[in-house]
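As given in TrEMBL:
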ACT_SITE  SER72  active site, schiff-base intermediate with substrate
ACT_SITE  CYS86  active site, proton donor
ACT_SITE  SER239  active site, proton acceptor
ACT_SITE  HIS252  active site, proton acceptor
BINDING   PHE13, GLU71, PHE233, GLU256  substrate binding site
MOD_RES   SER72  pyruvic acid (Ser)
Amino acid sequence: MTADAPVLHNPVFEGSEKRVEIDFSFDGPTAAPAGLRGLSREQLDELMTQACCAIVSSRSNDNFDAYVLSESSLFVYPTKWVLKTCGTTRLLYSVPSLLDAAAALGLRPRRCKYTRASFLFPDQQLHPHTGFDDEVCYLDKLFGQLDPAGRQAYILGEDQHGLQWHVYLAGRLDTASVLSRATFNLEMCMTELCTEAAQQFVRTDKFVSSEQTTRDSGIVHLKPGALLDDYVFEPCGYSMNGILGTGFITIHVTPEAGFSYASVELSGCREDVLDPAQVVGRALQIFNPGRISIAMSVDDAGAEGAAEWGCMMSDLPPGYQYQAANRQQLACGGSVLFITLFKAPA
């Protein structure tokens, strides 16, 4: 580089994900029995293009389809759509086309849940992800009419405690329908990963395979028995989906020093999700992060197991302490508990 050449900043990557979960209902007897699973691969590819990502691989079982993306993951049930993307993707840009495609299959939206942690690099985001107010405005135009009494938008946590949790909800869960069982979610966001732990997700000359990385890191034990779909990116980064029954686990890692990040999400009906304290403990052992944010949510606070799901964990792994906790009952019938932890000084 010559003396007068411009100095280029080191590139950074936004690990913190955006997530949208949309529940649908069959709109009359002419609806396609497969529901959203009837979308063609061409339609899915176009929707992902609109969200600024691409499908890398997929797995399926009798209940739903799971896709590893170039930026995070997609899960497609007959009446539920879960799209999670990181980086500078425009996740919400894909939603209008999704609603059109669903309508052509005889499906209508009945509930939308949008969540994300704070962005690590908010100035890099593109509209409508330029701020939570912009995201809420965009979502209101699509879902605000579903049930005005059930529409809410929250930011949980304090910025001085680390990442905050952003929640938008519209519509209600139809608990009278056998198709509408309560969904339980555990979402962990971890920053300041231990250097040794982060290095597991870099393609060095010692790299063997994505499957070996999943085994050696201990990730394979987070959801025993699940059908796994894992990928270590070049030169670094890791994504994994695991599916079992009606539930899934998804993990994404940005290992670069200076902006390291890892997320672990467990989702499904109550019998599909493990003891949250056990999952949190194992994840902290794997990634050894300095700061952790945990959101535990259920879309029906009256469902069996919901009260226990929204409680503080009594036992934390050695070396970690609670920093703050916020619990919010939701007008749409659910609840969310948001916890921040930190690694105590040695």
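Cβ atoms here come from the backbone N, Cα and C positions, even for glycine.
Values in this document were obtained by computation on a predicted structure and should not be read as measured data.
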Can you tell which of the active-site residues SER72, CYS86, SER239, HIS252 lies nearest to PHE13 (substrate binding site) in space, using Cα positions?
CYS86
Rounded Cα separation (Å) that holds between GLU71 (substrate binding site) and SER239 (active site, proton acceptor):
8
All-chain count of other Cβ atoms within 10 Å of CYS86 (active site, proton donor):
27
Using all protein chains shown, find which of the binding-site residues GLU71, GLU256 scores highest when you count other CB atoms within 10 A of its CB.
GLU71
Among the active-site residues listed here, SER72, SER239, which has the most company in the form of other Cβ atoms within 10 Å of its Cβ?
SER72
Rounded to a whole number, how many Å is the Cα of SER72 (active site, schiff-base intermediate with substrate) away from the Cα of HIS252 (active site, proton acceptor)?
6
Extra residues within 8 Å (Cβ to Cβ centroid of PHE13, GLU71, PHE233, GLU256), substrate:
GLY15, CYS86, GLY87, CYS236, GLY237, THR254
Nearest to the residue listed as 'active site, proton donor' in three-dimensional space, by Cα, is which of the recorded positions PHE233, SER239, HIS252, GLU256?
HIS252
